[in-house]
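Annotation source TrEMBL lists active site, proton donor at B:Lys205. Per TrEMBL, NADP(+) binding site is recorded for B:Leu9, B:Gly10, B:Phe11, B:Gly12, B:Thr13, B:Ile14, B:Gly15, B:Ala16. Under the heading NADPH binding site, TrEMBL lists B:Lys105. What TrEMBL records for B:Glu190 is L-homoserine binding site. Annotation comment: TrEMBL describes B:355-430 as domain 'ACT'.
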Protein chains: 2
Amino acid sequence: MKEINVGLLGFGTIGAGVIRVFQNNAEVMERRLGARLKLKSVADLDITTDRGVTVEEGVLTTDAMQVLTDPDIDVVIELIGGYEPARTFVLKAIEHGKHVVTANKALLAKHGEEILSAAAAKGVDVMFEASVGGGIPVLSAIKENLCANNFRCVFGILNGTCNYILTRMTNEGADFSSVLKDAQAKGYAEADPTFDVEGVDTAHKLAILVSMCFGTRIDFDDITIEGISNITPLDIQFAKEFGYKIKLLAIGKRENGTVEARVHPTMIPVNYPLADVEGVFNAVRLVGDFVGPVMLYGQGAGMDATASAVMGDVMAIARDQLAGHQARTPAMGYIPDCIADLPIKPMRDIVSQYYLRFTVLDKPGVVAKISGILGNYGIGIASMIQPDRKKSEAVPLVIMTHEATEALISDALADIDKLDTVREPSHFIRIENDME
Amino acid sequence: MKEINVGLLGFGTIGAGVIRVFQNNAEVMERRLGARLKLKSVADLDITTDRGVTVEEGVLTTDAMQVLTDPDIDVVIELIGGYEPARTFVLKAIEHGKHVVTANKALLAKHGEEILSAAAAKGVDVMFEASVGGGIPVLSAIKENLCANNFRCVFGILNGTCNYILTRMTNEGADFSSVLKDAQAKGYAEADPTFDVEGVDTAHKLAILVSMCFGTRIDFDDITIEGISNITPLDIQFAKEFGYKIKLLAIGKRENGTVEARVHPTMIPVNYPLADVEGVFNAVRLVGDFVGPVMLYGQGAGMDATASAVMGDVMAIARDQLAGHQARTPAMGYIPDCIADLPIKPMRDIVSQYYLRFTVLDKPGVVAKISGILGNYGIGIASMIQPDRKKSEAVPLVIMTHEATEALISDALADIDKLDTVREPSHFIRIENDME
């Protein structure tokens, strides 16, 4: 029976998961492939810590170059994470004619172009299903069976930490910092959670989704990113009253030759399937011109789910290898020459409905003034509530608007924030009612 | 630019959808493929009825053989439906070395083995993503990125007609026959709805899912099939009171070398993602040993969604063609020699929780007698309700059981139905609490 040799860089949590797939599922992979996948080398600086899996003698090494230059190795799995030495190692693997599978979205967001160009020049595959949505097979769905569609939009709940925190804030009425602390204690949030809670991780994943759905290069720095640390129990409560849930949503849209690419807390109607995605689960909603809406849901992280996606990529490469050819499906789903450079729409030009929360003195005429300013900017009011009326103290006033450009909203809010009767800077949250 | 020529058999609704993909999305398909897909011939007995699409001169023919024998045609799409002449045409296409894409689950369920053997012998691909879940890319997910998993179970809501009827019965409290009539008037149900409402269509799809998830041949006749025509508003109401929804569920499980394959109305907890699948939407929940649960959701029917799946298959074949090789991924996801013959577990051996509804005289001692019989069979009672007490009339008595084999349940019900105080044959609905 033919063998495909695989090398692994990075013996951390996910690495241990990958090794377990090789050990536990060798038979089913053989039955599907008609060949044997062999894990020939595993490189890590630390090869002594117990990861709960036993590796055959001679497989572990501290020398990554041993994996990268081994002429018998066909596929290199990169699970080191971060920018360096991951970038150098991946480029070295490509240089040596090896296919690469990675889960490293940060690397792809920053050095994707360089890596994919090198791979295309060398005629090898770079696959990265595990980088978006963990075990959810979303990238292969876009590249493979849904590829006859023009995608109109893509929405994602892509960060388990944020979704876990928002879910608990929603279910328990707790505030952000206390849930974060508990999430850290339980291992659902990192000691430094910035990357997750401020939306950077979600944006890395969105960059990949937008590129693959719309066939365009994305400059990561053009993505608008807002995290969830400013979301208050009050906002969640008001959202509920209006029939919404707040999710950290990755949003990609394409219209008239421009794309939107943004990550921010978003109110979505409670009866939408994405609103039901709870805790550490992830989900992606794709809307194609023929398929309509498709939602994919599953575990967005974790050693086993991520290992599933990594090994799915290894199997795809192995099938190509056995068939005697390479790079059957382009890495980003489009022939490199056919990838466009669609501009990202500036945030001021996006159109949305908005939830606006003002903190105002409870005096006669305040509502009139605020709604007057909104009216001057042509912003329609869909509904308004002003609960907890306590004379002379600052109280919340909540307005849900009709569709307006972000430019109008931010200009109007700047004016409103100058009013004497407005005691705190206004809050707003974008609403996504139309997910088609 | 290279061209891949495609022939289409069947110019009905889906056929028109496929033609529209060729017309509207030629550019995006070219950018993804690096080659042109050309629809060279479309055969149908009726080529004069207006289907809302204009076809180039010379493309339409009433002679299927013209498509099947054209040496320029690489891929044949079969959208005739039914057993014959679809079977003959598909075999003829294979004989002439053409790859085949079909949406015909009935054909696959009955003649799949014959067709796939012929294709394997000839070295051509047969693909059929559109046959299960319409536009949802579930078969490619199983065959491609999730293929490093051993699947434990698969659950599906796979028939839009049934789900539409059950959703309306649930939301409106209406009865089966009145909703069915309305669904027929609206075009959501066929004039003869038997195939859909009695679960046969769902079972055709389950046969494919079970084979592809577990790598086994399935004898369609071994699948237990129960439809939704016996579901009453009363059952739906009781389900709600216990926190469940009733869905027509396709269930596949594998354990210890046997599989379960069954289609029947099933109570699922309201907070499960599958419970939220409403109306004509479809969804599949797959559970793999590494990926854990994955749910895929989308439009299970309709010309456009189905055309998306068909054309996704055509694109996959075109990629293989361009790479100069064939049958890269086996049709059923397993190398034919590695497909097993796992026995289907007899229904009497399955283990489930049960909803039991008795119609009893409201006399003292009735509950004691029924619970006594259940106790004699070792069936545990999880909860019981007996609403609407009206002296001396027949009233419902509902019992939710703990897990028991179907053998014990049916034997117990046979005994209970002999009681004088039991006025109608007992009803039962299986409960699926553990979808992992």
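Each residue, glycine too, has its Cβ placed from N, Cα and C.
Structural mapping of features recorded in TrEMBL.
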| residue | record | contacts (Cβ under 8 Å, 6+ apart) |
| --- | --- | --- |
| B:Leu9 | NADP(+) binding site | B:Ala43, B:Asp44, B:Ala64, B:Val67, B:Leu68, B:Val76, B:Ile77, B:Glu78, B:Leu79, B:Ile80, B:Ala86, B:Phe89 |
| B:Gly10 | NADP(+) binding site | B:Ala43, B:Asp44, B:Ile77, B:Glu78, B:Leu79, B:Ile80, B:Gly81 |
| B:Gly12 | NADP(+) binding site | B:Asp44, B:Arg51, B:Leu79, B:Gly81 |
| B:Thr13 | NADP(+) binding site | B:Arg51, B:Met303 |
| B:Ile14 | NADP(+) binding site | B:Leu79, B:Ala103, B:Ala130, B:Met303, B:Thr306, B:Ala307, B:Val310 |
| B:Gly15 | NADP(+) binding site | B:Leu8, B:Val42, B:Asp44, B:Arg51, B:Leu79 |
| B:Ala16 | NADP(+) binding site | B:Arg51, B:Gly52, B:Val53, B:Met303 |
| B:Lys105 | NADPH binding site | B:Phe128, B:Ser131, B:Val132, B:Asp201, B:His204, B:Lys205, B:Ile208 |
| B:Glu190 | L-homoserine binding site | B:Thr161, B:Gln184, B:Asp196 |
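Reduced to three states, the DSSP call for B:Gly15 (NADP(+) binding site) is helix. Sequence-distant contacts of B:Phe11 (NADP(+) binding site), defined by Cβ-Cβ distance under 8 angstroms and a gap of at least six in the same chain, are B:Ile19, B:Val42, B:Ala43, B:Asp44, B:Asp46, B:Ile47, B:Arg51, B:Leu60.
Compute the center of the Cβ atoms of B:Leu9, B:Gly10, B:Phe11, B:Gly12, B:Thr13, B:Ile14, B:Gly15, B:Ala16, which mark the site for NADP(+); besides them, the chain residues with Cβ within 8 Å of that center are B:Leu8, B:Gly17, B:Val18, B:Asp44, B:Arg51, B:Leu79.
Taken residue by residue with DSSP, B:Leu9 (NADP(+) binding site) is part of a strand. Residue environment of B:Lys205 (active site, proton donor) contains 25 other Cβ atoms, counted within 10 Å of its Cβ in all protein chains.
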